[in-house]
Amino acid sequence: MNEKHPGPLVVEGKLTDAERMKLESNYLRGTIAEDLNDGLTGGFKGDNFLLIRFHGMYQQDDRDIRAERAEQKLEPRHAMLLRCRLPGGVITTKQWQAIDKFAGENTIYGSIRLTNRQTFQFHGILKKNVKPVHQMLHSVGLDALATANDMNRNVLCTSNPYESQLHAEAYEWAKKISEHLLPRTRAYAEIWLDQEKVATTDEEPILGQTYLPRKFKTTVVIPPQNDIDLHANDMNFVAIAENGKLVGFNLLVGGGLSIEHGNKKTYARTASEFGYLPLEHTLAVAEAVVTTQRDWGNRTDRKNAKTKYTLERVGVETFKAEVERRAGIKFEPIRPYEFTGRGDRIGWVKGIDDKWHLTLFIENGRILDYPGRPLKTGLLEIAKIHKGDFRITANQNLIIAGVPESEKAKIEKIAKESGLMNAVTPQRENSMACVSFPTCPLAMAEAERFLPSFIDNIDNLMAKHGVSDEHIVMRVTGCPNGCGRAMLAEVGLVGKAPGRYNLHLGGNRIGTRIPRMHKENITEPEILATLDELIGRWAKEREAGEGFGDFTVRAGIIRPVLDPARDLWD
């Protein structure tokens, strides 16, 4: 096998059971409708347990009380997580009021969880409320279709409130890409919205009868911001503008962060540059990338099924040539672009249309009424009077967008009274965690519940070493699936067991380098002792403007990951 074509285009062998399930599901229907009426269990049975993921839901249970319920001979306290499809994170205030009401009245936890994929999740939906949540979303023009499992997930778009025209154009493309790659099956409408079954055969011209080999993630990125972390995604359209107007995209393919502890066949990978394309080819190219991965992705091993592994197996040039063939185009050379940061600018920013945008820091994206900080009530009050929209960011924050000067003081007053504008350190603003315990079935260690007190300790270290005005991009993910995007952080903690994490160092501020494991299976005191020493060295030895991650590489503390498929585990 030569370098250009290092491996087979299609992996032969026994297909995974997930492939059987999809094939037999009758285009994602399964027996979900019948299962809904089974009151003997709070969960979904058999294939339906996995099929509901295509409808935007995961079956979970409260792991804090799992053992206690088992002792009482009770089944786990099953409840669903539902994730909304919300391209670019834009939600109207009318929609916000509807989701606020549902969260308060029909979920166990009463919260709205903003995610780092620019949407919101409900946690703790009991089976009896599953159909009503889909109907509520539909009534305000939303849905949960294709936000989980083997499809193109929620499409991200840079939350850029400064260049309003460019953002508007990029956002429209994010919506178009999302719509174009949606499944065509009528299963969602039939099961949840009671729409009549039509006497036609379902067809999936893009996704195919067995859909994609694995999850697939897409972004639209507006440099110089990399807030959406493009290298965590399968397909990325980097906006190229001339005179403030969008003219085309650079395409980058094959990013992804999920690994498995100890499995050296798995690795995080940054996306590869394919080339530049004019706007009119965007949908054809998006479809070509997806169908190439559909046909060439590994359906015999789900741990090796994502686009990043397909690219490494067949070769970047081979994959790129196939995309060109299917789309009927030739990529132009990559146009120049650069990233300067990926954090949100917290507070007020004036847009070019004389409207104001207020970015609110929401720790871990969890919107709830806390003692003395009624965040959820405050946002509801703002939603009732605000004429613009809300935008969820990929950093789990919320932008009150398009505020006229005349409304600014009123909205700020509510935000301040609700604790939505409490001062936080730059370090806290640049730290993030996935949900993890108690609801995530894959969690190995705490993440969301661990982060606030952990950052208290990091803030103390930053103050001790005189760098409180600085920040380190710091992320915690409860398991190596990597939802917290720790594998693109300057300091990444990956859960290994309760109270234990792998410590990764050497990523950079702009999110273009994968960090390497520095220490394995260590406790919080060990993490803090390590970081105390390293932050102290960074404070004294850094060069002007040098971020912590770049410093750890330059100082020889960690070797940079240059080719993750080959050297991540070295």
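Each residue's number is its place along the chain shown, starting with 1.
The backbone N, Cα and C atoms fix where each Cβ goes, and this holds for glycine too.
Under the heading [4Fe-4S] cluster binding site, Swiss-Prot lists C434, C440, C479, C483. A sphere of 10 angstroms centred on the C-beta of C479 ([4Fe-4S] cluster binding site) encloses 23 other C-beta atoms. Annotation note: C479 ([4Fe-4S] cluster binding site) sits in a coil segment as assigned by DSSP.
Shown in sequence order, N116, C434, V435, T477 are the residues of the chain, 6+ apart in sequence, with a C-beta less than 8 angstroms from the C-beta of C483 ([4Fe-4S] cluster binding site). The siroheme binding site annotation in Swiss-Prot covers C483 and rests on sequence analysis.
With respect to Cβ neighbours within 10 Å, the binding-site residues C434, C440 differ, and C440 shows the lowest count.
When secondary structure is read from DSSP and collapsed to three states, C440 ([4Fe-4S] cluster binding site) falls in the coil class.
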